[in-house]
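Q: Let me give you the structure first, and then I'll get to my questions.
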Amino acid sequence: MAGLSLAHPLAFAFGILGNIISFMTYLAPLPTFCRIYKSKSTEGFQSVPYVVALFSAMLWIYYALLKSNEILLITVNTAGCVIETLYIVVYLAYAPKKAKLFTAMILLLLNVGVFGLILLLTMLLSAGHSRVVLVGWVCVGFAVSVFVAPLSIISKVVRTRSVEFMPFFLSLSLTVSAVVWFLYGLLIKDKYVALPNVIGFTFGVIQMGLYALYCNATPRLPGKDVEAEEAVDDTFKVPEHVVTIPKLGAPAVEMKTCEEHPVESPPPIEAAAKQEDDEPSSAEELEKAGNKGSNNTEQV
């Protein structure tokens, strides 16, 4: 560190400034996680940027340990590891079950599996300066992924026209931090530090532009939420009926819509059949009575 300060005093100054800005950048999501803690809910926030940031900090510590006079990289990334780990712990405590499983899977896959594999391969397949070069390019690749990780948040801002999930201070601090670390890498002639911060600056400017565009815009629901809401409305929608209810005390003059009109029911089938059977017998009795009367007349 003393050699760095004497040989590159300006680089050392930018390194100290980069540490301060990066530390503030790590603390930028703190209000978000305070909100998660108070509401006991992650409220749609994603854990991927924090998992990727933790992995990137681990890689930079490994690179700084392989290279000499990189104490400033060690300090800032050690702070990053501690802070990002705390964020992930809070997220896992209050995230839904599905989000917890996804975050745990990403942690095991990336921060344990992939980092362990990189550590093993670089130790076995390279040595000396070649190992520094190999780890440096790996760091560049994953540093870019840290800056690309907020793309999901950028797309969400565009869809919902809301900057709720993209704080302006975080975007500003990322942009300024990228500029400072680019100058630091340029002054110490470390391309592995300088290159990824060019991309970081680009994405930081895009985020600030989106914030300026949508900070006063009217938020809108995503397409799926709108369709779901319309489906719910259609499910409970019933045809309209107009019913006139008479006031208390007023004569119910108009209440004739419920008049009863009795309808004579047809006689039962059995009764009708019995009646038909009785009619012929009555006719026979009348005929017999007539014949009997005529016989009496003849006798007289």
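Heads up, the Cβ atoms here are built off N, Cα and C, so glycines get one too.
Keep in mind it's a predicted model, so treat the numbers as computed, not measured.
Copied straight from TrEMBL:
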REGION    256-300  region 'Disordered'
TRANSMEM  6-27  transmembrane segment
TRANSMEM  48-65  transmembrane segment
TRANSMEM  71-94  transmembrane segment
TRANSMEM  101-126  transmembrane segment
TRANSMEM  132-153  transmembrane segment
TRANSMEM  165-187  transmembrane segment
TRANSMEM  193-214  transmembrane segment
Q: Which bits of the chain, at least 6 residues beyond where the transmembrane segment (48-65) starts or stops, bring a Cβ under 8 A of a Cβ in it?
A: 29, 71, 73-74, 77-78, 80-81, 84-85, 87-88, 91, 103, 106-107, 110-111, 114-115, 118-119, 132, 135-136, 138-139, 142-143, 145-146, 149-150, 152-153, 192
Q: What stretch in 6-27, 101-126, 165-187 has the biggest tally of Cβ pairs under 8 Å against the transmembrane segment (71-94)?
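A: The stretch I would name here is 6-27.
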Q: Any residues 6+ beyond the ends of the transmembrane segment (165-187) with a Cβ under 8 Å from its own?
A: 8, 10-11, 14-15, 17-18, 21-22, 24-25, 28-29, 31-32, 44-45, 72, 147, 150, 153-154, 156-157, 193-195, 197-198, 200-201, 203-205, 207-208, 210-211, 215
